[in-house]
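Participant: Taken from TrEMBL, the feature active site, proton donor/acceptor covers 133. Annotation source TrEMBL lists active site, nucleophile at 209. Here TrEMBL flags 1-284 as domain 'Glycosyl hydrolase family 59 catalytic'. Sequence annotations record features per position, and here TrEMBL assigns domain 'Glycosyl hydrolase family 59 central' to 292-407. Taken from TrEMBL, the feature domain 'Glycosyl hydrolase family 59 C-terminal lectin' applies to 443-616.
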């Protein structure tokens, strides 16, 4: 759920961000885009909607991944696409928190997503994964291959298992049928190392999720080092960064761990961070289909180099000399090593002996003054009788290449940063919304979608509806309640007003909240000020999403299938609540949290509607 806020940027800023990411010979010029196959459950920074909420339901226009893949393909038709599920809708497990009991159903569900991508968006998915960082099932992987082939999807390759090198490599060595259907072994955060069994499979080895590091210059150093050393130390020929662009509220888990930052659609502000230009050193001068030359890429004074060719005479060499403290990734821990200034001499043999000059692109990360020089074209290097030398300093990246196509492109400065508007309203009155979700709401458990209330002749035809009614097969511990957060995490005093409509009789219920302090993988422990009303006619005020810390309770007289207006007012250490404009409770003492988002949600996985949301 890391691209959540990107979709509601206004033009031209949204297209500029996408150009920096995907446009060839422009910025990051990415080769590969991996998206989540939404599973209606929390996947780190929010939930992404499934294409099949229920067994008899199919919709290939939910969420933002279809849009993102199309925008990437529009800019670079050759970009490779991967889909991977983190979670699954509950019906797939028939009540069990496990996707492999009915492998035919799971395979059908995944293949529907691939076919929908083609049918509705003309997108060809190149690779499909199994279950992000969770167990794999050999039986399911074999069935997935069989089902892909049966539907004419022979060209879709399988990557497994998006966790560690083992046990998948070992199991492939002893199960020849599994060996035959897995095309790529993908490991997460491998620390540039692989294992013997993985090499022995003879399969392509990928770091299929890596980086995940705060996107300052140390993050750029991490990225430069692993982009080279994943191949040099671990024979990995693809490295995929989590995440593409930090387009989620920064106070959610792993804030700003994207290649660039775009978390302010309300202002238009975004920032092209240094990892974008580190990426360009590799991506602008190689392409999928190029081959790594099998050389020992360790430099004597520390650092590394890789060399790639298109097999048609072109050569690209990428050198990095990142020091230990300036290239630490978030994980795994990095053993100590030294890098010193050095003169490196390269020898070109065979068909490369004829190369006379190489174009040079250079970056230097400056941790003293903060004046880093990023992706600058220098004078070409003359190659004399197949050899050239280079003086390398510490914390540098060089690309030397026969290609003359590199470009450092840019746009005028985007607007300056602004906090989330302190007065904000949404009546959800939009007839044909471009996206299924209302802007700026970040679902943390459950899925909240635009809804057309055909049976309502009055003011509530267009609403926001919570639509997940069965606990999904989760990836982490989703809350037992549904919740979507919005606004500025630093907000202290606020008034939140919203019309609510409970659909579930007896034990149904909804809330509005303020000073909400948590989300993402920690959503179960979220605290704040929560104002609940229930279908049995009672209300509660709690200090937590779980509803354990009760601050006030009583009778409200709310029932299901009727619209009511809730107002929550938080000022300093005190909170009060109104129902339909009349005071219901007041002078409830609030000690903590001191600040946080606004939010709305439901008591359980149940249908409920919201309208005329307003924050001051």
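Using N, Cα and C of the backbone, Cβ positions are placed for all residues, glycine too.
Help me see these features in their spatial surroundings.
Facilitator: Within the same chain, residues at least six positions away from residue 133 (active site, proton donor/acceptor) with a Cβ under 8 Å of its Cβ are 162, 163, 188, 475.
Neighbours of residue 209 (active site, nucleophile), defined as other CB atoms within 10 A of its CB across all chains, total 23.
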Participant: For the domain 'Glycosyl hydrolase family 59 central' (292-407), what are the DSSP-based totals of helix, strand and coil residues?
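Facilitator: Its residues fall into 8 helix, 51 strand, 57 coil.
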